[in-house]
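**Student:** In case it helps, TrEMBL gives these features for our protein:
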TRANSMEM  63-85  transmembrane segment
TRANSMEM  92-111  transmembrane segment
TRANSMEM  179-197  transmembrane segment
TRANSMEM  204-223  transmembrane segment
TRANSMEM  243-262  transmembrane segment
TRANSMEM  292-311  transmembrane segment
DOMAIN    317-466  domain 'Arginosuccinate synthase-like N-terminal'
DOMAIN    475-696  domain 'Arginosuccinate synthase C-terminal'
Amino acid sequence: MGQEDLMSTAEDVADQFLRVTKQYLPHVARLCLISTFLEDGIRMWFQWNEQRDYIEATWSCGYFLATCFVLLNLIGQIGGCVLVLSRNFVQYACFGLFGIIALQTVAYSILWDLKFLMRNLALGGGLLLLLAESRSEGKSMFAGVPSMGESSPKQYMQLGGRVLLVLMFMTLLHFDSNFFSILQNMVGTALIILVAVGFKTKLAALTLVVWLLAINVYFNAFWTVPAYKPMHDFLKYDFFQTTSVIGGLLLVVALGPGGVSMDEKKKEWGRSSEHVRDSRPHRRCKKRSNWIWIRSWTSLIFNLFLFPGVIRSAAAQRCRREQGYDVIAYLANIGQDEDFDAARKKAEKLGAKKVFIEDLRSEFVEEFIWPAVQANAVYEDRYLLGTSIARPCIARRQVQIAQKEGAQYVSHGATGKGNDQIRFELTCYALYPQVQIIAPWRIPEFYKRFRGRKDLMEYAEKHGIPVPVTPKAPWSMDANLMHISYESGILENPKNHAPSDLYQMTKNPEDSPNEPDVLEIDFIKGVPVKVTHVKEGKSKDTPLEIFCYLNEIGGKHGVGRIDIVENRFIGMKSRGIYETPGGTILLHAHLDIETFTMDREVRKIKQSLGIKFSELIYNGFWYSPECEFVRHCVDKSQENVEGRVQLSVFKGQVYILGRESPKSLYNEELVSMDVQGDYDPCDASGFIKINAVRLREHNRLQGAAQKKL
């Protein structure tokens, strides 16, 4: 096996390790990194008097200041560790722990001990990496897409963190003349240089983790020394400091080297070469066109700089000048929580010639959600189609803009494995047959270069593109007025429970109010026209207000949470978690008023149409002749679905309390046990006998067959 084969095999092993551990590695890294602070803080608690006496004797600062020093160490270290592990105020925690390192460096005279000083600096390098990671976090502006702050400071934090981390290994070098020491020094020096300059960074860092872990367990085995011996504390100190440096290296493995590294420069050179190779075939595309990018900001951020075969902003800018492409950005407001002004500025900064931000909330409710309510649209018995029904709404306006601007191309950021690519594209082709579609996640050059969100984030960071990312929330989200969906990341394992902090639209039913909200919902032709809070007397009567208010009430009581494994149209099963508070309330209310006012046999047919309608929505066929036909039939079925439903929303449940309708098919006198009404009980005898004919004949046949046996 040659050198290249050996290196390739090692990188494959490292990649396999990362794939298996990617969900857990950042958490393990953070725990290891703060372990020295955690151990020292606990030691301050149990050795309070000894630590205070040492400081008082060493610095002659008096009892009060010595006590303050120990207290500051205790609170600063334990508090900082808690904040880091809980992912709250991590940046403040890092600054606090930096302060603890500086304070202890002076207080314990570490400043004059080169070995311990270098170890403290290495520990500071780990905190720099943790600080760099925390800069990726923040409240996501866009549902389901990561957020990121300014890129340059983070890149230099990662560089500084890597350089400081390797100082730990310089304390492990031995200047002996034996072969083992020389080999160890050569290999160790080579690895620390690779990590410092960022070349083969993940492999080098992972190798150092293994090496340092072995050294730590072998040389710093404090548990083998009795606690009363001074060596016990020295070994314990070294053990946890080394563990913290291991945590920093694991962060390097998890995060990558950052933009200021040889690895990133290699990628740039590779992409530049690829651009030179691929540019010639595209030079014939001189015709001026417009590209419209869909709502997905993963798509927008990266596809603003994408054309076939090239994914790099500088090359793409150059190609656009050569080929004359204009980029038009499009963002649909369908009720998600976003800063739309900031979104416009970002799109313009990224080079969009025009930016369309369209408020589609009212038409989303009236033209898409209301038909789903009329149909009782539920996919596979539980999913209320919040994402599915939003896609044709988004894509329809995209097509309208494309036609208005004379665009020949549209694009979207949906993955090559999911349903959304089908929904977006079937809508585009149905409404704009001659359009051409760019789907980056189906272009080999794209999905091989960006294998997941992490690669995309690294690319964004390198090119100064601010996008939202939340390592704290390792799953994908999609939000709109109707619902929020969660999938991917740690949710890909169906047995993993949803974290308690996952839900954003609904409260935990256990924490919801102890008093129900009683509502009255009025329907005309199967559409809600008014909702009234019985106790408060508050009413809403416009479609958007009605749905938003039901979301508010349902969210307050934790209504509409489901966790399912569903069948994607493309042919695979996927696990999804959904919260649809307002839609769930309306489903219960509409089912009740529909049963109250609709003929039994019509309702049976309509139920089957509802199932078909749900499948059509889920599979992306909103704009199809069969879906138009089904919608027309559903509309016809709703002509007499009129009335008022009173219900209670409480602790995750919707309870129907009563209903009334001028078009009710319920006849109280006819059904009463106390009044005869227009019904002769004797008629039931013939009815029963007629229905029994089939059963008697079946039994006769079965009896004859048994006698033959």
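Please read every residue number as a count from 1 along the shown chain.
Backbone N, Cα and C define each Cβ position, glycine as well.
Because the structure is a prediction, the values reported are computed rather than measured.
Walk me through the surroundings of each of these features.
**Tutor:** If one looks beyond the transmembrane segment (243-262) by at least 6 residues along the same chain, the residues whose Cβ comes under 8 Å of a Cβ in the stretch are 18, 22, 25-26, 28-37, 119, 122-123, 125-126, 129-130, 132-133, 151-152, 154-159, 161-162, 165, 168, 195, 197-199, 201-202, 205-206, 208-209, 212-213, 216, 454, 458, 461-462.
Per-residue confidence over the domain 'Arginosuccinate synthase C-terminal' (475-696) averages 94 (mean pLDDT, predicted model).
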**Student:** Could you tell me how many residues in the domain 'Arginosuccinate synthase-like N-terminal' (317-466) are helical, how many are strand and how many are coil under DSSP?
**Tutor:** 83 helix, 22 strand, 45 coil
**Student:** Six or more residues out from either end of the transmembrane segment (63-85), which same-chain residues have a Cβ under 8 Å from its Cβ atoms?
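**Tutor:** 30-31, 33-34, 37-38, 40-42, 44-45, 48, 51-53, 55-56, 92-94, 96-97, 99-100, 103-104, 107, 130.
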